[in-house]
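> Here it is, the structure in full.
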Amino acid sequence: MDLEFGRGMRSPQRDSWKTTLLLAYQSLGVVYGDLSISPLYVFKSTFAEDIQHSETNEEIFGVLSFVFWTLTLIPLIKYVSIVLRADDNGEGGTFALYSLICRHANVSLLPNRQIADEELSTYKLECSSERTDKSCIKVWLEKHKKLHTALLIMVLIGTCMVIGDGVLTPAISDLMTGCSLSPQSFISQCSRQFQVLNSPCPKTTVNHYGTHRVGFLFAPIVLAWLICMSALGLYNIIHWNPHVYQALNPCYMFKFLKKTRKYGWMSLGGILLCMTGSEAMFADLGHFSYSAIQLAFTSLVYPALILAYMGQAAYLSKHHDFYSNSQVGFYIAVPDKVRWPVLVLAILASVVGSQAIISGTFSIINQSQSLSCFPRVKVVHTSDKIHGQIYIPEINWLLMILCIAVTVGFRDTKHMGNASGLAVITVMLVTTCLTSLVIMLCWRRPPVLALCFLLFFGSVEALYFSASLIKFLEGAWLPILLALFLMAVMLVWHYTTIKKYEFDLHNKVTLEWLLALGDKLGMVRVPGIGLVYTDLTSGVPANFSRFVTNLPAFHQVLVFVCVKSVPVPYVFPAERYLIGRVGPPGHRSYRCIVRYGYRDVHQDVDSFETELVESLATFIKLDASYRCSDASGGGGDHEPEEERGARLAVIGSSHASYDIQDSVQHSSAASVETTTTRRRSGGGDDDGSPGGGGGRAKQVRFFIDSHVASPEAADSKQVAEELEALAAARDAGTAFILGHSHVQCKPGSSLLKRLAVDVGYNFLRRNCRGPDVALRVPPASLLEVGMVYVL
């Protein structure tokens, strides 16, 4: 495995106890920053309602009981014990659950499924795909297309709420920790926080190797904060009310609701903030191990949070004057002598928590692009050696502007808490629904077990969801508004992208048409390599036919490149390329399918072009050997040309020891893996954004040995000529042929469709990154072919 591939999949072997301890320590700075600062604002947000206080302290004990059992049921039992086990090759999060479901049931809306994709190493199924028994739930899901759409919408809702949380968390955490600051000082502090994210370390999405730096940088802060909260909690419990442990009795929850009625139910919107950041344990699973996250939470984070809340409740139970004046902030329970050091430590901890959610927003937007559900944005891969460190400048500045706007607009921690609570609980509800499907479809457990999981945890979260939703006019409208806007953008982009693919599929031309071009139009082959980007995995795209009919010339070596996404987190570099021929060997036309997972970062143009030429050279030699074996078996001469063109080979792209200047006879040993597969007629393809290519000249040369190929290869001279032609074409330069599309609706389309396509999509297309900019194709090597899509 490459260093760049890094943390793609954790080894299935159990980590040593030293490694587990190290990862558990590092997870403090990456996973638990947001969750650890929740005591700063839970009690203040809860008692913001008009709740009358009594001398029996039933209100305080009731809230503490709710906090204790909420932390026990949701983060401890649901996430640590169950959800963390629903990993996708070691990866977690909403997209991991959706990927698992799509692999075990045909519910994906993207036409990206091919038989060859199921042979990927990361395309792991919990149960053998050869099993013919299908549950009624699986048959029902696969049968109804509307359920596929509903499932994708559910995933997008969770995605939108995570982005909304990326706006709200920095605002509420900094406002709570810096409550003594003036609004102007807070805005300046918030701006500096986002500007700091432009530095190379914090701005990037952490990964296995990046965790060593980010984790070691932030873990001491979170560790000190957790120890500080535990010490303060123990002090307040011992000094003020040692009997506060009685509040852990769940009877106090019912007494609280019975006594406070409507206002108590509404106050649940503040209590749910105690589990803010729990989703990060699952989302960041790929950076650590299950045992490390479990160890850190159960042995340190969970006890520290419980002690902190018990300490606050113990203090408030003996200081009714603060309670009556609604001054129930975190700092009133801090002794005067240590208040300022605690304030400084709290501010540092809040910065850690905000950094984690902002980095998570970068990651989930990048994953949305892999589903063709988000407009193209510039994704900066900030490390040449560390896989997965990304930064999105446009999103970073947009989050900063929205965060400042929310702070200036609300100026109230109560409203911001209501907004943040609704976003958090919505993501948890989505995770519960998807996990119940994973239990049935992937783990093959009885539907009754999945239903029990859904009803138990779903009812608890639905209670909190209703309490948050009732505060729609008191701040909860903000995440709903953000989600509706983002959902509209995502659905418009996704719908139009799928319709464009269907248009290309219906307007593609046949292989016979391509082979007959020379006779009909007097086609001229010019030196160089032409890379024609298309979303199709078979046939000749319409944009190329439009190109050659207007300009009857194309390059000596022609490659139809399809960049597609597959429902796995990562694709090993050795399995990334599928290479095949388009036409006979003398035509010098090939097809290259480049496969990426939803957490993969696309290659830069230089490495892609180099690896593509190397893969083509390897394929030429493999194909010659295959044709020789067919000929020796007596079947090669009778194979139809279409069948030969449909044959694809998996070519390893990570063979660092493979030198293009090596002789042909040594090249077969250089490929990491070469597996020949046949693409079935029912195989689909995806519309993944293309990637690759480079414009400047490189010193890439072929050295053709006089003893080529294997002894069985009777056409070794033809192989040598084809390799020489590829080398000459590479030296002549590479051109990138991309479609420049204009989309419009058919006459008579509905008003909604015209608004979505003619207005919405075309506005996004004009104002977002174009495919050439997103791919960083050199302008001097770019050829754009105008295409009008009538949908």
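Placed from the backbone N, Cα and C atoms, the Cβ positions cover glycine too.
Got these off TrEMBL a minute ago, pasting:
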{"type": "COMPBIAS", "residues": "662-673", "note": "compositional bias 'Polar residues'"}
{"type": "DOMAIN", "residues": "23-515", "note": "domain 'K+ potassium transporter integral membrane'"}
{"type": "DOMAIN", "residues": "527-790", "note": "domain 'K+ potassium transporter C-terminal'"}
{"type": "REGION", "residues": "662-696", "note": "region 'Disordered'"}
{"type": "TRANSMEM", "residues": "21-40", "note": "transmembrane segment"}
{"type": "TRANSMEM", "residues": "60-77", "note": "transmembrane segment"}
{"type": "TRANSMEM", "residues": "150-172", "note": "transmembrane segment"}
{"type": "TRANSMEM", "residues": "216-238", "note": "transmembrane segment"}
{"type": "TRANSMEM", "residues": "263-282", "note": "transmembrane segment"}
{"type": "TRANSMEM", "residues": "288-310", "note": "transmembrane segment"}
{"type": "TRANSMEM", "residues": "342-365", "note": "transmembrane segment"}
{"type": "TRANSMEM", "residues": "390-410", "note": "transmembrane segment"}
{"type": "TRANSMEM", "residues": "422-441", "note": "transmembrane segment"}
{"type": "TRANSMEM", "residues": "447-465", "note": "transmembrane segment"}
{"type": "TRANSMEM", "residues": "477-495", "note": "transmembrane segment"}
> Quick one: do the transmembrane segment (150-172) and the transmembrane segment (422-441) reach 3+ CB pairs under 8 Å, ignoring pairs fewer than 6 apart in sequence?
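Judged by the Cβ rule, the two regions touch, with the required three close pairs present.
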> Return the average pLDDT for the domain 'K+ potassium transporter C-terminal' (527-790) as a whole number.
71
> Does the transmembrane segment (342-365) reach the transmembrane segment (390-410) with at least 3 CB pairs under 8 A, where each pair is 6 or more residues apart?
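Output yes: the transmembrane segment (342-365) sits against the transmembrane segment (390-410).
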> Would you kindly list the residues that approach the transmembrane segment (60-77) from elsewhere in its chain, counting only those six or more residues past its ends and only Cβ-Cβ distances under 8 Å?
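Those are 35, 42-43, 46-47, 244, 246-253, 255-257, 259-260, 264, 267-268, 271-272, 274-275, 278, 281, 297-298, 302, 305-306, 309-310, 313, 316-317, 323, 428, 457, 460-461, 464, in sequence order.
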> Report, as numbers and ranges, which residues of the same chain sit near the transmembrane segment (447-465): CB under 8 Å and 6 or more residues beyond its ends.
70, 73-74, 78, 82, 135, 137, 268-269, 271-272, 421-422, 425-426, 428-429, 432-433, 435-437, 439-440
